[in-house]
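Undergrad: One structure coming up, written as structure tokens, with questions to follow.
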């Protein structure tokens, strides 16, 4: 009976990951050059978001540039930035993979950065990463600091995720390891099918381990950044860093829609501050709203404090923290699902547009 219950919990966790999966395709130099020319021809005169260097949007776990080549991961965001004068590209990396190593997302992103630079003639890029995409962006900033002007992370688990710890612990109840293998195979196939390029470089177990709190601590040792606060603290670090003579501007923000409430018999309740209780349409039209409320409640009962359903406030702190008060869950941060969000949630498209202007005014 207990094993059956644990299996259901694991299945639920996987289903949750599928329901909240955000979407990204590596583009050839010729295609990028054509796109760059088209954007330059249509950029508005005022150039509110016209940064000096190109912006690359970097997706997180389970992502791609467009799910199945149709639904944008950064829903409506690339188009809005382009309409306001920005030169914007969207990376397409493995949806399920670690960030370091030869097959990792970091090396994939580095190759894409070089492709964008070759297509545009720029010398640097501004990296904007959501969720795991922030860790991937930090990798590139660490190993190729001369190619990066700024790193912005949105809802990134710099200290890992308590929900990843929870899933790993549940899987560990199976002494045979069969559950992990079967579920990982299923998730890997999901990653291949939803990738716009049907990328076969998928490793769900490596991705899960990357996002645990223990592995995040190791990652931070291997790829340190001045933007990180002291280990174990709920503090951010410096707003800039200089690596090999190259200065990077560092920014972050996050949603904290899931807030702890009262504790009864050792169990802490939670509330979703982004929605109107019972009547909010987001609960009906966006299945990820309730799913992330559930995962966020699990996190709170594992000591995370306020969170977005997958990443805690403390874990998301990095560089100059612009806000941790947005009433967003993890998908609201990228305007998912399909632009539906709770009645109290701010507009993420406007927030990212404003940040592009901030980068412009900072000279990058």
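These residue numbers are counts, starting from 1, taken along the chain as shown.
Each residue, glycine too, has its Cβ placed from N, Cα and C.
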Undergrad: Pick from 280, 286, 308: which one does Swiss-Prot list with 332, 336, 340 for the same Ca(2+) site?
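TA: Given 332, 336, 340 bind Ca(2+) in Swiss-Prot, the matching entry from 280, 286, 308 is 286.
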Undergrad: Please tell me which one of the recorded positions listed here (131, 132, 286, 314) sits closest to residue 330 (active site, charge relay system), measuring Cα to Cα?
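TA: Nearest in space to residue 330 (active site, charge relay system), counting only the recorded positions, is 131.
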Undergrad: On the 0 to 100 pLDDT scale, where does the domain 'AB hydrolase-1' (54-333) sit on average?
TA: 98
Undergrad: Under DSSP, is residue 314 (disulfide bond) part of a helix or a strand, or is it coil?
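TA: Note: residue 314 (disulfide bond) is helical by DSSP.
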Undergrad: Which of the recorded positions 234, 308, 336, 340 has its Cα nearest to the Cα of residue 132 (substrate binding site)?
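TA: Nearest listed residue in space: 308.
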